[in-house]
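The structure appears below as structure tokens.
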Amino acid sequence: MGHFSSMFNGLARSFSIKKVKNNNGNCDAKEAADEMASEAKKKELILKSSGYVNVQGSNNLASLFSKRGEKGVNQDCALVWEGFGCQEDMIFCGIFDGHGPWGHYVAKQVRNSMPLSLLCNWQKILAQATLEPELDLEGSNKKISRFDIWKQSYLKTCATVDQELEHHRKIDSYYSGTTALTIVRQGEVIYVANVGDSRAVLAMESDEGSLVAVQLTLDFKPNLPQEKERIIGCKGRVFCLDDEPGVHRVWQPDAETPGLAMSRAFGDYCIKEYGLVSVPEVTQRHISTKDHFIILASDGIWDVISNQEAIEIVSSTAERPKAAKRLVEQAVRAWKKKRRGYSMDDMSVVCLFLHSSSSSSLSQHHHAMTILK
């Protein structure tokens, strides 16, 4: 229980928890956890209004930029939420890449609902783990760890968000969906959750002093062995069109639809029973002094820019707030050279800097929210 004390104490400063005593005089974990989750829900309007800045911009801690492609409305959106969950050492970042007729609405809906849902689930599971240190969430005999808490929180959140999206009265997600690539930084640890084919890349300093790119996520494409096996096992099909060699897509068993170029996504209920899932891959990394920054970007960037090129572009940008925009601009130029004749995709980038510059720190930017619509 000791290794959870600092986390729980931090929450206690932000959320008033009345611990209920049972007949034995012990704290009832379930009631305390339920109350914590209830408190979070009550604060939803506060979290969306006063104390948070809704702007299209960047600062010395994070840089955001999004550019519409040549296929119509920009279906990408992004979010950086500093002071996530009223915790000074936490930040939430996300890239959401929509697709289909309602893709831009789906992406915004997931962006708007995921952070708060994640926060509620995290608080509830954290309270249970703190008050019941032997709690076993994954069928093992091990005590639950911080990573287990975040993983279970993400799994519950993604399942809930996808279910709510399916029953949304104003958004038709049957043939539309979105990816979701998110990061939570908590102190000196980052937790990465990925649904879809957006990508997170870390810039790490090598022993020789140069920056090297470390890919933190998998691009969940239908031709990945484990993804293809699942899809075929659910009677879905995976193949490329004649005019798109190398672009594997997911198809219904008896129809030439929907042709989805990813194996995980929110929405797209026309193909969910045939192997598409919204289950995130969740990983963690302990931040070292050699870890400089993380780039989150939609697939439009990675179609024309390599991981190494991306970190070199960002690291060579003199001013941090301009880093995301410069990377997008370089990707636009690369697209025109490498993919001439193809309509340019939407391009969105979040750059999260892991160490403060002389004029920036997490505490100085506490409670700022940056949104790109």
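Along the chain as shown, residues are numbered 1 onward.
Cβ from N, Cα, C; glycine included.
Swiss-Prot annotations:
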DOMAIN    61-354  domain 'PPM-type phosphatase'
BINDING   Asp97, Asp299, Asp345  Mn(2+) 2 binding site
BINDING   Asp97, Gly98  Mn(2+) 1 binding site
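Features per Swiss-Prot, on structure.
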residue	record	CB count, 10 Å
Asp97	Mn(2+) 2 binding site	28
Gly98	Mn(2+) 1 binding site	29
Asp299	Mn(2+) 2 binding site	22
Asp345	Mn(2+) 2 binding site	23
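Of the chain residues outside the Mn(2+) 2 site list Asp97, Asp299, Asp345, Asp76, Thr179, Asp197, Ser198, Ser298, Gly300, Ile301, Asp303, Asp346, Met347, Ser348 have their Cβ within 8 Å of the site's Cβ mean position. Put simply, Gly98 (Mn(2+) 1 binding site) is 11 Å from Asp299 (Mn(2+) 2 binding site) when counted between their Cα atoms. Each residue in the domain 'PPM-type phosphatase' (61-354) has a pLDDT score, and their mean in this model is 94.
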